[in-house]
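If you check TrEMBL, you get these features:
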- 80-114: repeat 'PPR' (REPEAT)
- 115-149: repeat 'PPR' (REPEAT)
- 185-219: repeat 'PPR' (REPEAT)
- 255-289: repeat 'PPR' (REPEAT)
- 290-320: repeat 'PPR' (REPEAT)
- 327-361: repeat 'PPR' (REPEAT)
- 362-396: repeat 'PPR' (REPEAT)
- 397-431: repeat 'PPR' (REPEAT)
- 432-466: repeat 'PPR' (REPEAT)
- 467-501: repeat 'PPR' (REPEAT)
- 502-536: repeat 'PPR' (REPEAT)
- 537-571: repeat 'PPR' (REPEAT)
- 1-23: signal peptide (SIGNAL)
Amino acid sequence: MIHFRIFSNFVSLSCLIACFVDAHKPKFALGVLGLVLKRGYKASALVRNLLLKGFCRNGEVEKARELLDVMGSYYGLSPDVVSYNTLINSLCKVKKLKEALELLVEMEISGCQPNSVTYTTLMDGFCKDGRAGEALDLLKEMKDLDLEADVVAYSTLISGFCNEGDFDRAKKLFNEMVGQGISPNVVAYSGLICQLCKMGKLKEATEMLNEMKRRGVRPDVVTYTGLLDGLFKGGNAAKAKQIFDTMLQRGEEPTTVTYNVMINGLCKEGLIGDALKLVDMMVEKGLKPDVVTYNTLLMGLCSDGRVDEAVKLFEVISKDENCVELDVITFNMMILGLCKEGRLNNAMEIHNVMVRRGVVGNHVTFNALIEGCLRMGMFNKALELRKHMLDIGLVPNSHTYGAMINGFCKMRLLKIAKGLLCKMKASGLSPSSIDYNTIMASLCDGGGLEQARTLFQEMMNSNHRPNIASFNMLIDATLREGDANATRELLIDMLKSGLEPDALTFSTLINRFSKLGLLDDAKKVLEKMVSSGLKPDAFVFDSLLKGYYSKGETREIIDLFHEIANNGVALDQTLTNTILMCICHCSEDVDVMEILPNFSQEASKEKSILSKELLTKLDKSYLELNHCAGQSFSIAG
């Protein structure tokens, strides 16, 4: 217009400003404002607000604030409620809530009365920042000014409290809104339904969905997505699939988030085929799967043991330049899946691709690779990876140290494992019970009982006190050394710590006491085990039988035979052989068939036979003896 000397009036220049604002070029619009003022026109509030909107929409809030001040100072154009609301909205979007509240105060001081939009905008900003309580204070302030809270204000607060997991306050606001004659909208219902689903209250969520429909409020994609997520988390995949089909039938188009919820839920249920079909549906409908979609699929395939398929999918998406940008989670899924399968070389290849693409690994990446290397005995490679971690500024965490301690213990490199434990503590990390137990177990197996005791005492004085596994391994080690008194002290300490003996504790005590010839103690432990509600297994009875056999106590052996039969203990090869050995010990003067129980459901009616013949029969029936004592088995021919 200017170039061809066409006369430009105020209206045409104002339209040009609006065009530049719509085109996201506020600086050009500001240039046109300069022409308006140069030609002697007075800037209007409408033009000023258009420019403010343009700068705010472009994220240039400071520039917008500067323009507001200049227009007021130099051109006498005082800010109105629209000006303030535009700036407040922009500040809330970038979470500059303090500055937004300062503008609210400035409004009141300047005599510009805030309206419902002002307060609703602020409430929305606080709710999205996880500060719904402060947003509720704004609602009270709003009411004190006789400003009417509408459905938008209430639904904003309801959604905010639901996002914070405070269903009770959200429901209270919902009831308050309905009590004031305000009809709830889809946002209010969706917030409550989603929160009920997260709480596992699917029945109540479904009832609210039905109430929503009765009131004529149509569920939207947010409502359905929240409901689907809750159904999957509640283990109701069939109902989720049904709701998804209903959603499609009603013409509600799923978003990428909806599809991701479905794909994630199906993968966790092991329905990988259905999940892959949904990806095809997404593409058919013109929706592009995002990195979350692919990460979910990769995780599902790896968890289902279909690592080869995961590798193929990874290769497809990594080679397609038009596909998604792979992130650290994508690579970690593959590395974890491959390491779990023992395919360390393939995992290292994925890591190399990761490095070439400039994706920086995190603790999950390196912990998985280090653990995999140590499992394969690749000592130097594990240390190399640890050095790589440090080079990129990644400090080993508790899991890193735990993986290395476990790996080096398995390789019998106890000196390195103990050094890592010391380094872990020096770096401010607290070793877990598992870390202590791993080293103690290796020390006990390697004859380092005293060092294990020292570590045990250190545990007693730390935040991670010994657990039942800690006590069990020391009980076993002390009895292995023949120190029954130390074992008894450990049992007292265990009970003082509030720990109750478990099946392994009892089994260990019975086994070791039997080997030491302390059969009275072993029998008392068995009685305690039974009275504690625990059922002795084949290992327990085998230990006792061997103990009594070594002492030649036939009567006790026979009593144990009956106890084994009465308890229906499954006879494994070891126990079977021990029973045969004990029968050999029994005197031929004893009528074996009178004293020996029948390890079957029916009592033996056969006449007594010599031990030699009985052994032959038992030996021939070995396969049957391998089954549980409750199955049919006849001792006599």
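Counting begins at 1 with the first residue displayed.
Just so it is clear, glycine is given a Cβ too, placed from its N, Cα and C backbone atoms.
In terms of DSSP secondary structure, the repeat 'PPR' (537-571) contains 27 helix, 1 strand, 7 coil.
Long-range contacts of the repeat 'PPR' (185-219) within its own chain (CB-CB distance under 8 A, at least 6 residues past either end) are made by residues 151-152, 154-156, 158-159, 161-163, 165, 167, 170-171, 174, 177, 225-227, 229-231, 233-234, 236, 239, 252.
Remote same-chain residues near the repeat 'PPR' (432-466) are listed as 398, 401-402, 405-406, 409, 412, 414, 417-418, 421, 424, 473-474, 476-478, 480-481, 497 (criterion: CB distance under 8 Å, separation of at least six residues from the stretch ends). For the repeat 'PPR' (502-536), the residues of the chain that approach it from at least six positions outside its boundaries are 468, 471-472, 475-476, 479-480, 482, 484, 487, 494, 543-544, 546-548, 550-551, 553, 556, 567, 569, judged by C-beta separation under 8 angstroms. Mean pLDDT, taken over the repeat 'PPR' (290-320), works out to 91 on the 0 to 100 scale. Broken down by DSSP into helix, strand and coil, the repeat 'PPR' (362-396) contains 26 helix, 0 strand, 9 coil. Residues 256, 259-260, 263-264, 266-268, 270, 272, 275-276, 279, 282, 326-327, 329-330, 333-334, 336-338, 340-341, 343, 346, 350, 353 of the same chain, all 6+ positions outside the repeat 'PPR' (290-320), place their C-beta atoms under 8 angstroms from a C-beta of that stretch. Residues 433, 436-437, 440-441, 444, 449, 452-453, 456, 459, 508-509, 512-513, 515-516, 518, 521, 528-529, 532 of the same chain lie 6+ residues outside the repeat 'PPR' (467-501) yet bring a C-beta within less than 8 angstroms of a C-beta in it.
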